[in-house]
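Q: Here it is: the structure, laid out below.
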Amino acid sequence: MFSLKTVVLALAAAAFVQAIPAPGEGPSVSMAQQKCGAEKVVSCCNSKELKNSKSGAEIPIDVLSGECKNIPINILTINQLIPINNFCSDTVSCCSGEQIGLVNIQCTPILS
């Protein structure tokens, strides 16, 4: 029979392997940090869109009246290999700081 240590070790290894994301699930947290560089922070901005009734074109609301929230540093440092979309279902941007207001000119979308 298998010893209890062997079973526990096998279960722990299986859980670890399952926790590592497969390639191709989206850009990782570290990739987003590299795009932002040291001077900007990785942020999650709302990506609701407003349709222009005359032209039918979609205009991102976050450019006009949205808000961007910094992704917490503990998520950025611990989860380097996890796809960034697991933490931000909206638009991932590089921002100079937390943006809430009429025009978020200090945020640049890097992933959507």
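Heads up, residue numbers simply count up from 1 along the chain you see.
In case you wondered, yes, glycine gets a Cβ from its N, Cα and C as well.
Heads up, here are the entries from Swiss-Prot:
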type	residues	note
DISULFID	CYS36-CYS94	disulfide bond
DISULFID	CYS44-CYS88	disulfide bond
DISULFID	CYS45-CYS68	disulfide bond
DISULFID	CYS95-CYS107	disulfide bond
SIGNAL	1-19	signal peptide
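What does the local environment look like for each feature on the list?
A: According to DSSP, CYS36 (disulfide bond) is assigned to a helical segment. The Cβ of CYS36 (disulfide bond) lies under 8 Å from the Cβ of VAL42, CYS94, ILE110, each of these being in the same chain and 6 or more residues away along the sequence.
In this view, CYS44 (disulfide bond) is surrounded by 20 other Cβ atoms within 10 Å of its Cβ, with every protein chain counted.
Note on CYS45 (disulfide bond): other Cβ atoms within 10 Å of its Cβ, all shown chains, come to 25.
For CYS95 (disulfide bond), other Cβ atoms within 10 Å of its Cβ number 20.
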Q: Should CYS95 (disulfide bond) be counted as helix, strand, or coil on the basis of DSSP?
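A: Reduced to three states, the DSSP call for CYS95 (disulfide bond) is strand.
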Q: Near CYS68 (disulfide bond), which of the disulfide-bonded residues CYS44, CYS88, CYS95, CYS107 can be found within 10 Å, Cα to Cα?
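A: Matched disulfide-bonded residues: CYS44, CYS95, CYS107, sequence order.
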